[in-house]
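Novice: According to Swiss-Prot, the protein has these features:
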- Asn5: N-linked glycosylation site (CARBOHYD)
- Asn11: N-linked glycosylation site (CARBOHYD)
- 329-359: region 'Disordered' (REGION)
- 1-19: topological domain 'Extracellular' (TOPO_DOM)
- 41-57: topological domain 'Cytoplasmic' (TOPO_DOM)
- 79-88: topological domain 'Extracellular' (TOPO_DOM)
- 110-138: topological domain 'Cytoplasmic' (TOPO_DOM)
- 160-187: topological domain 'Extracellular' (TOPO_DOM)
- 209-237: topological domain 'Cytoplasmic' (TOPO_DOM)
- 259-275: topological domain 'Extracellular' (TOPO_DOM)
- 297-359: topological domain 'Cytoplasmic' (TOPO_DOM)
- 20-40: transmembrane segment (TRANSMEM)
- 58-78: transmembrane segment (TRANSMEM)
- 89-109: transmembrane segment (TRANSMEM)
- 139-159: transmembrane segment (TRANSMEM)
- 188-208: transmembrane segment (TRANSMEM)
- 238-258: transmembrane segment (TRANSMEM)
- 276-296: transmembrane segment (TRANSMEM)
Amino acid sequence: MQVPNSTGPDNATLQMLRNPAIAVALPVVYSLVAAVSIPGNLFSLWVLCRRMGPRSPSVIFMINLSVTDLMLASVLPFQIYYHCNRHHWVFGVLLCNVVTVAFYANMYSSILTMTCISVERFLGVLYPLSSKRWRRRRYAVAACAGTWLLLLTALSPLARTDLTYPVHALGIITCFDVLKWTMLPSVAMWAVFLFTIFILLFLIPFVITVACYTATILKLLRTEEAHGREQRRRAVGLAAVVLLAFVTCFAPNNFVLLAHIVSRLFYGKSYYHVYKLTLCLSCLNNCLDPFVYYFASREFQLRLREYLGCRRVPRDTLDTRRESLFSARTTSVRSEAGAHPEGMEGATRPGLQRQESVF
């Protein structure tokens with residue numbers, strides 16, 4: 001997003017709009033993301049909603065993440081046409097607002113949902129007994145609803161503003177690439193708005209996610225019991241992959257955004273062309289999520305193989321798998337129950353066996 005001066009877009013803005021790298025890279029990457037993400041997440045959503053067992057908090061978060069990915073992918077065709085058309089928006093003001101809010105709301109929703117998953121896994125591994133009352137479906141649903149309320153509130157200025165801008169020097173109308181100064185009353189308000197988005201929707205979730213996954217991995221690595229070692233290795237590997245994907249996809253884009261905000265508002269320089277290119281990394285996360293679901297859940301793998309006609313999966317196979325995952329996950333429960341006699345009783349409750357995702 002570029003903020004023009006009072007006389008119109010400056011030379012840096014015009015150069016960005018003429019940049020051939022952006023005109024080629026974004027449509028190509030967005031097309032790839034849409035082609036992989038839409039069928040992949042549609043199938044993932046079908047499996048998560050119709051074919052898997054009891055909906056644990058992890059499954060609820062994965063459903064929300066899959067819906068988020070689908071909504072983001074559904075607006076990419078408009079972005080593809082816009083950039084192929086030399087940044088000329090032809091779909092009107094209302095659709096520009098809808099596409100822009102949907103694009104950024106769903107991108108940040110992915111960040112917040114992955115943060116919720118990391119916290120749920122952190123509590124399940126490090127505090128399996130004391131956190132049991134909080135790791136329930138209703139709290140997961142409330143967390144998803146809360147993230148959407150936060151997002152829509154934070155992005156509400158975009159929904160109330162005409163995000164199109166006529167660039168007469170190029171004979172085009174942009175959508176969200178150039179913003180009007182009149183959108184907010186002062187430079188100070190621009191700074192508050194942009195820094196709030198960066199801190200609230202990225203920096204805090206980023207720190208929480210990195211801290212939770214790091215603590216979870218270290219806890220699993222310190223566990224010495226041989227029972228469930230394979231499941232533990234799988235959980236550690238997946239947590240590391242999810243953390244790497246989170247850092248790789250979302251960190252570059254948001255830190256470049258921070259550099260652009262500071263340089264644009266206070267020094268008159270722009271890194272918006274770099275920011276636009278790093279948006280590709282954020283969108284690539286949509287392609288990775290279906291693979292994360294596959295490796296995260298043994299039941300998801302079995303259902304996929306059944307759907308592809310590899311073999312019919314007996315129900316007792318899934319039940320046995322849940323038993324083995326439960327045994328692997330309760331190593332820390334056993335140690336905690338040793339110190340608290342009533343904890344062993346809690347550890348044998350069927351409610352704890354609901355964990356299937358190894359997020």
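A Cβ is built for glycine as well, from the same backbone N, Cα and C atoms used for every other residue.
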Novice: DSSP on the topological domain 'Extracellular' (259-275): how many residues come out helix, how many strand, how many coil?
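Specialist: Breakdown, helix to coil: 13 helix, 0 strand, 4 coil.
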Novice: Short question: which residues 6 or more past the ends of the topological domain 'Extracellular' (79-88) have a Cβ under 8 Å from it?
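Specialist: Cβ under 8 Å, 6 or more out: 17, 22-23, 26-27, 30-31, 34, 99, 103, 170-175, 177.
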Novice: Under 8 Å for C-beta pairs, could you tell me which stretch among 58-78, 89-109, 139-159, 238-258 has the largest tally with the transmembrane segment (276-296)?
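Specialist: Stretch with the highest Cβ contact count: 238-258.
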Novice: Where does Asn11 (N-linked glycosylation site) sit by DSSP, helix, strand or coil?
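Specialist: Going by the DSSP assignment, Asn11 (N-linked glycosylation site) falls within a helical segment, counted as helix.
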Novice: Is it possible to list how many residues within the topological domain 'Extracellular' (79-88) are helical, extended or coil according to DSSP?
Specialist: 6 helix, 0 strand, 4 coil
Novice: Sorted by position, what residues of the same chain at least six away from Asn11 (N-linked glycosylation site) have a C-beta under 8 A from it?
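Specialist: Set apart from Asn11 (N-linked glycosylation site) by at least 6 residues yet with Cβ under 8 Å, there are none.
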